[in-house]
Amino acid sequence: MHLIAATVLTLTLVSICAANVINAPVSQAKNPIWRTGNVPRQLRPFKPNLRPLRQKSKHPILPIRKPEQAPTKRRFYERPKKPQHKFYEWPAQYLRQDNEQPVRDYRVTATARDIQLTNFYDILYHGPISIGTPEQSFNVTFNTASPRTWVPSVHSIPDYNNSKFKTYNNKTSSTYIPNGFGFEASYGEGKVAGYLSQDNINIAGLTARNQIFGEAIVESDIFEDTTNHGVLGLGLSDEEPTVFDNMVERGLLPAPVFSFYLNRLNSNDPDSVLTLGGTNPAYYVGDFTFADVTVPDSWQFKMDRIQFSNGTGIFNGWGCQAVVDSSTPLIIGPKEEVDVLNRKLGGTPLSGDETMYELDCSEVDGLPDVEFIVNGKKLSMSSKDYVVKMHVGTDSLCYSGILGSSWKQNESPVWILGMSFMRVYYTQFDKGNKRIGFAKAITFEHAILNK
């Protein structure tokens, strides 16, 4: 579609250009807008009479604008800069609009990339990323429950600017772009707050340019006890473009899919891996069981029911909702249902804590499998997968890894399938088809047989 050229040599050329405008389905805007690539050149002043054309046409004619009004290219996801730091959500006018398309980077071959993750005592898995130019390195948790990405700022309170904690210094990065809006995020009992910035974020040799992320200046004490330097958000969001979205839209990945393989601590299983751009058949066996995402802003899906392999106990026979969360160590469910389930396993609530249940270690091996029915298929977990064993001196303590909670999402109780579930099932998150897939994760025994 062409706008009327500002330079014409004959009246015939004027009529042709006008006809192109008439046939174009252009909506009238309050202020005239140039479309990318249609920047006319003006050799001499000329103002055609468009009134007769407007009267005959069903579509409005956009008025000509002066060449100096032609827009310049905006950076990917660039927001107007505001020198304020208030904690509120991004206003709609600063969110990416549908007509803002990122520039695809054709210099990079779109192939799936594996990122090796480190298992930190089975309570979190973190991997390397870098931010800025020159690159500043961090170990972050890859979190499927939130789209937010953040790292500690050099201005953090308390001061984490020491050898133990890595911090981001925007003054040393030549690709830093200030943003100015504030952010805050909650992770169970942990909270962080700070302000948003833009910079290049690199993962496994792929660069998400001009990506918005958070510089955390206030963090809860719980973050002091880990080797984690921040969070990279992989959650679903139509409003907050994630690092993964950035890479997909730039053509850096072959498919809008990422997948997790999580190993067990102190095992001979292969190293944990996050695959961007697809799945890696080396880490799972059999076919995938898929479930469609049921809400637009979360990796939530419908679970048919939960049952025991020995035929006793059927919970949520009418169906329930569940989310897969790569940042939650265990499995969490509605308190009342978890209470029934754990009591059938012989569990006893801990004194003063109705969310955790102690089990008899001598009976753990005889406990039935817990089966999560998804799309008619059984996803089973044995007692070695859902029981947590602790050794205190010469004594052993056993607890159920299925905890109760009053947490709700969209006012409805939801099951959270955390890392203990993901260690059993290789999980793919297919954003293109809005679905989640589960396949049996390989173990050391599988790896030996496949060699």
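Glycine too: its Cβ is placed from the backbone N, Cα and C atoms.
All annotation found in TrEMBL is predicted automatically rather than curated by experts.
DSSP assigns Cys398 (disulfide bond) to a strand segment in the three-state reduction. In this view, Cys398 (disulfide bond) is surrounded by 20 other Cβ atoms within 10 Å of its Cβ, with every protein chain counted. Sequence annotations record features per position, and here TrEMBL assigns disulfide bond to Cys361-Cys398.
Per TrEMBL, domain 'Peptidase A1' is recorded for 125-439. Taken as a whole, the domain 'Peptidase A1' (125-439) shows an average pLDDT of 90 in this prediction.
Per TrEMBL, the feature signal peptide maps to 1-19.
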What does DSSP say about Cys361 (disulfide bond): helix, strand or coil? helix
Tell me which residues of the chain lie with their Cβ under 8 angstroms from that of Cys361 (disulfide bond), as long as they are six or more apart in sequence? Lys389, Ser396, Leu397, Cys398
